[in-house]
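S.K.: Sharing the record's features from Swiss-Prot:
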- GLY10, ALA11, GLY12, LYS13, GLY14, THR15, ARG127, ALA178: ATP binding site (BINDING)
- 30-59: region 'NMP' (REGION)
- THR31, ARG36, GLY57, LEU58, VAL59, GLY85, PHE86, PRO87, ARG88, GLN92, ARG139, ARG150: AMP binding site (BINDING)
- 126-142: region 'LID' (REGION)
Amino acid sequence: MRLILLGPPGAGKGTQSERLREQCKIPQLSTGDMLRAAVKAGTPIGLKAKAVMDAGGLVSDDIVVGIVADRIEEPDARNGFILDGFPRTVKQAEALTTMLHEKKMDLDAVIELVVDENALLARIEKRAKETLAAGGTVRADDNPAAFKTRIDTYREQTAPVSAYYASQGVLKTVDGMADIDTVTAAIDKILKA
């Protein structure tokens, strides 16, 4: 099972990815985690990423795609993976399609969690309160100003990725405003179809 979960910040991608990871016994691949691991491991692509990150730059699409390509070759990803935080742009989506084609792999599903942006801020604020109440640390970007920036960036750069996958005929949508178990059930239904 190879899949991508799309949706704006606060849509529940992390929650659903975690559930899918446990249910399908496949890794959840976060580009941020992969970048840090590649840098730590000193891989050729990790060294390129480190040079860019140390200089304060944004890691290029080519480097990110290279890190994803390396990661999906690891033994735990042989039976599939869930991409989390990637692709973020149409250019990355196109590069991923090319890379998977070269590896003779296909995506089984691209699922977008569709949510009401106005309700997302309330969801983010609730998550922050629950995290604090549980004694955890609130994400630095779980505040109204940062959230607005994140949602604007999503709208501008990442939302077009949905249109790209729709044009490929692989995009499925799920109502991300439903409760967590209902969203999980809707995703399961798509994956079993």
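Positions of Cβ are set from backbone N, Cα and C atoms, glycine also.
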S.K.: Reported in the order helix, strand, coil, what are the DSSP residue counts of the region 'NMP' (30-59)?
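M.R.: Tallying H, G and I as helix, E and B as strand, the rest coil: 22 helix, 1 strand, 7 coil.
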S.K.: Name the residues of the same chain, 6+ apart in sequence, whose Cβ is under 8 Å from the Cβ of PHE86 (AMP binding site)?
M.R.: ILE4, LEU29, THR31, VAL64, VAL68, GLN92, LEU96
S.K.: Please tell me which one of the binding-site residues listed here (GLY57, VAL59, ARG88) sits closest to ALA11 (ATP binding site), measuring Cα to Cα?
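M.R.: For ALA11 (ATP binding site), the closest Cα among GLY57, VAL59, ARG88 is found at ARG88.
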S.K.: When you tally the Cβ atoms that lie within 10 Å of each candidate's Cβ, which of the binding-site residues (ALA11, VAL59, ALA178) has the highest tally?
M.R.: ALA11
S.K.: Reported as an integer number of Å, what is the Cα distance between GLY12 (ATP binding site) and ARG88 (AMP binding site)?
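M.R.: Distance (Cα to Cα, whole Å): 16 Å.
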S.K.: Using a 10 Å radius around each Cβ and all protein chains in view, which of these binding-site residues has the most neighbours: GLY12, GLY14?
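M.R.: Of the binding-site residues GLY12, GLY14, the most buried by Cβ count within 10 Å is GLY12.
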S.K.: Tell me which of the binding-site residues GLY57, VAL59, ARG88 ends up closest to GLY10 (ATP binding site) in space, Cα to Cα.
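M.R.: Among GLY57, VAL59, ARG88, ARG88.
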S.K.: Measure from the Cα of VAL59 (AMP binding site) to the Cα of every one of the binding-site residues LYS13, THR15, ARG127, then give the nearest.
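M.R.: Closest by Cα distance to VAL59 (AMP binding site) among the binding-site residues LYS13, THR15, ARG127: LYS13.
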S.K.: If you count Cβ atoms within 10 Å of the Cβ of ARG88 (AMP binding site), leaving out that atom itself, what do you get?
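M.R.: Looking across every protein chain shown, the total is 17.
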S.K.: Among the binding-site residues THR15, THR31, which residue has its Cβ surrounded by the fewest other Cβ atoms within 10 Å?
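M.R.: Counting other Cβ atoms within 10 Å of each of the binding-site residues THR15, THR31 gives the minimum at THR15.
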S.K.: Rounded to the nearest angstrom, how far is the Cα of LYS13 (ATP binding site) from the Cα of ARG88 (AMP binding site)?
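M.R.: The separation of the Cα atoms works out to 14 Å.
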S.K.: Round to the nearest Å and give the CA-to-CA distance linking LYS13 (ATP binding site) with GLY57 (AMP binding site).
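M.R.: So the Cα of GLY57 (AMP binding site) lies 26 Å away from that of LYS13 (ATP binding site).
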